[in-house]
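Peer 1: Structure in structure tokens, see below.
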Amino acid sequence: MALEAVVYPQDPFSYISCKDFPFYDLYFQEEEDQDPQDTKNNIKLGQGQGHGFASNNYNGRTGDYSDDYNYNEEDLQWPRDLPYGSAVDTESQPPPSDVAAGGGRRKRRRTRSSKNKEEIENQRMTHIAVERNRRKQMNEYLAVLRSLMPPYYAQRGDQASIVGGAINYLKELEHHLQSMEPPVKTATEDTGAGHDQTKTTSASSSGPFSDFFAFPQYSNRPTSAAAAEGMAEIEVTMVESHASLKILAKKRPRQLLKLVSSIQSLRLTLLHLNVTTRDDSVLYSISVKVEEGSQLNTVEDIAAAVNQILRRIEEESSFS
């Protein structure tokens with residue numbers, strides 16, 4: 001006879017002899033021949049006893065102890081379409097729906113907006129071509145710029161060296177242009193009754209090239225009150241590390257060679273030199289670059305050093 005039973009929650013203090021049917025050994029071995037209705041009554045009567053059943057205030061569904069829980073008769077019945085002892089086929093049962101599992105509306109997956117591989121590859125090749133053309137055009141411009149100046153201004157072929165050399169070359173040309181400006185002479189002619197008088201500027205009476213010097217640091221003319229007394233007319237202008245020297249002195253033997261060697265010994269790199277002579281005077285227009293480590297950082301320092309060089313040259317020429 002098939003026995004209908006229900007599995008109740010296990011009492012932690014009860015005796016358990018079977019994993020699937022914990023109360024089978026206590027009640028069902030001796031009552032196999034009884035009527036199923038009597039068996040259910042016996043199970044209900046055993047709730048209040050301590051024979052392995054849950055107490056009358058234990059809620060088997062929620063795991064709580066409550067007095068108002070009443071067992072439903074359908075819960076105590078074994079499925080009638082299955083023989084006793086057979087397992088329930090869980091594989092044939094339908095899977096839980098997504099709505100029940102998720103607890104709400106099923107989420108729609110977002111479709112990623114992915115570009116076509118060919119389009120991405122075309123964009124990459126386009127960027128590479130544009131960057132390649134830009135670099136090619138920049139190299140052409142740098143090559144033209146480098147060809148317009150002497151090679152020692154840009155000894156390396158990188159962009160920073162070429163641009164820096166071009167800036168230095170422009171500064172040197174500016175200094176050279178300032179030194180090559182022609183003197184401005186004014187001649188006024190007064191006519192009187194019986195004689196003509198010609199007046200020239202005080203510069204022409206003091207010597208040639210005197211109008212080349214606007215604000216000299218040293219002067220050998222007594223009329224230059226603003227300049228210190230020196231061995232020659234010396235004027236120095238400076239822009240950053242580039243300096244322009246204008247020197248008007250008397251001719252002396254081997255003066256140019258001694259002047260150039262002495263200037264280079266002061267850690268001044270000679271960039272440009274122009275020599276103009278007239279009568280017994282000579283005008284030197286020199287462009288130099290102050291090297292790192294040089295002690296001459298101002299126009300006053302450079303002018304004083306040049307004046308000292310000319311003084312030494314004059315002393316050597318007087319002894320020879």
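Glycine too: its Cβ is placed from the backbone N, Cα and C atoms.
The following feature annotations were taken from Swiss-Prot:
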type     : residues : note
REGION   : 30-121   : region 'Disordered'
COMPBIAS : 65-76    : compositional bias 'Acidic residues'
COMPBIAS : 104-114  : compositional bias 'Basic residues'
DOMAIN   : 122-173  : domain 'bHLH'
REGION   : 184-206  : region 'Disordered'
DOMAIN   : 244-320  : domain 'ACT'
Peer 1: Please count the residues of the domain 'bHLH' (122-173) that DSSP assigns to helix (H, G, I), strand (E, B) and coil.
Peer 2: 44 helix, 0 strand, 8 coil
Peer 1: Can you give me the average pLDDT across the domain 'ACT' (244-320), rounded to a whole number?
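Peer 2: Within the domain 'ACT' (244-320), the model's average pLDDT equals 87.
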Peer 1: Quick one: DSSP breakdown of the domain 'ACT' (244-320) into helix, strand and coil?
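Peer 2: Taking the domain 'ACT' (244-320) as a whole: 32 helix, 28 strand, 17 coil.
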